[in-house]
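Trainee: Taken from TrEMBL, the feature region 'Disordered' applies to 1-20. Positions annotated as transmembrane segment by TrEMBL: 31-52, 64-83, 104-127, 139-158, 170-188, 225-246, 267-293, 305-329, 349-371, 383-402, 459-478, 490-510.
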Amino acid sequence: MQKSSDSECIPEPIPPAPLSADRQAQKAGQLFSGLLAVNVVFLGSAFISSMIFNKVAITLADVWILLSILKVLCLFWIIYYLLGTSQQPHAVLYRDSHAGAIWIRGKFLLLFGSCSILLNVFQIGYSTILIHCKSRVEIVFPSIGILFICTQVLHITLLEACLFSLSHSWECGLMLTIATNLLLWLLAVTNDTLHMEIESQLRNGTTLCTCPNTTICQVFQKGYILLYPFNTEYCLVCCSVLYVMWKNVGRRISHHHTPHTTPKFKLQGVVFGPLLGTSAVIIGACVFMMYQIQATSLVPSRQVFVIYYSYYIVLLPLMSVGAVIGTIIHALEKKELDTLKNPTRSLDVVLLMGAALGQIGMSYFSIVALVATDPRDQLNSLALSYSVLLIFQNITQNVFVIDGLHRQRAVAATEAKHARHAGQHTVAAELPGDEEMTSLSYIQIYSHLSWKRRVLREISFFLVLCNIILWIMPTFGAHPLFENGMERSFYGYSTWFVIVNFGLPLGVFYRMHSVGGLLEVYVTA
């Protein structure tokens, strides 16, 4: 395999082979590796389920041992491939310009990976301090996790957008790694649900293994709780990228396909979207802090739930209107649909639709409970409006994002001309002390954008910031559907607990994945 200085995958001559034979071999490899992943996931799920329902026979340490074995197998396979298989001729065929969404490439993956590594460091430190009442497995498991995360991030960063020659061992290795990440996500979700159960029922904080009154122990404990949500997001992001890599094994690009220039993220040409979005983030942060202070007390204030629901009732219609306007503009544009086969885009659509089912499902269960009890009560009416608006917002945003992802990127000559003209002002504006020229350059670029592209960018950026704050609030502890007690009293504690903890992780992932889709729409508008 030939590599350039910037780690790009360079096309190499491929020995000719019958297309039908390649396709048949690719299908056989996907079937075998898929069956391997299904069996591993079922085995791990059986262990985790047994741990939840029968803690005596299967303990958390047993689950950690199983996942440690899977991590070690993945580590050996990744190292073997990076050092051996990838160096063979024709191991990497092409670089796919579509494989790997903008929000996943580099920065976001490194952010989630770094937070997951810090999470494991805090877990090791916390378990070391409490070694008298902790199992040694609680130190070994995060230690292996650090090696696994570092190697996996390196592996994905180097080869995420490459097309690979047909190799069944490569397909099986990718599927084994996907299954391991899925099981790690499932374990993280179940541990988080158990933590929520303790927080909701027993607020006195008494446990068999208490943290001593030392600063370092408190730092490890608080840091672990703070970084915990990033680990669940990291596992799902890795599954998404690895799935695209798995789909690219044995895939061939037609000769007439020429990769386009990937647009870069720039804030030029947007004004109102960042202003409105920043206002929504600031107000949401204030509401979130008030909620955390009041709702985590022994007797949660009814007023804090009213404020929380009121914020959503104001914000969700604005987001829905923006998504509807963006969809109408997409329909008015005469931009052709991109029909080129794209595994990343197909996965993005599936993830958006699937993850949205979490919030939509919880909302419908909440609507039934509220209508059947007392919908005229102030808090119940607010919660009912919140659930209805949340369903409508999820649907309209999905339509807007999916429609935008399927639009071809327009590179018109007139826009290039305007960009060159505006670039002259930009060069002049870079001179020190010339703030007026900088403002003039920004206005020039803004005015040269067509009104349709300008509105699409404003809407996309506004929705990006709104989804970020709607990701932060439930991720770091704002769970009114579980803490207000209305739905819980209707369905019963156990049933509602299962419903919330099925939909809540999906809702959190939906918001973060929506940010990625909206960034794609923004840069390609």
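In case you wondered, yes, glycine gets a Cβ from its N, Cα and C as well.
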Trainee: Test the contact criterion for the transmembrane segment (267-293) and the transmembrane segment (459-478): 3 or more CB pairs under 8 Å, pairs 6 or more apart in sequence, then answer yes or no.
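Mentor: Output yes: the transmembrane segment (267-293) sits against the transmembrane segment (459-478).
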Trainee: Decide whether the stretches the transmembrane segment (170-188) and the transmembrane segment (383-402) have at least 3 CB pairs under 8 angstroms, with pairs required to be 6 or more apart in sequence.
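Mentor: The answer is no, given that the two segments have fewer than 3 Cβ pairs within the 8 Å cut-off.
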Trainee: Could you name the stretch, out of 64-83, 139-158, 305-329, 459-478, with the greatest number of CB pairs under 8 A to the transmembrane segment (225-246)?
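Mentor: Top-ranked stretch among 64-83, 139-158, 305-329, 459-478: 139-158.
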Trainee: Six or more residues beyond either end and a Cβ under 8 Å away: which residues meet both conditions relative to the transmembrane segment (305-329)?
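Mentor: The answer is 276, 280, 283-284, 287, 290-291, 295, 378-379, 382-383, 385-386, 389-390, 392-393, 396-397, 399-400, 403-404, 452, 455-456, 459-460, 462-463, 466, 470, 478, 480, 484, 521.
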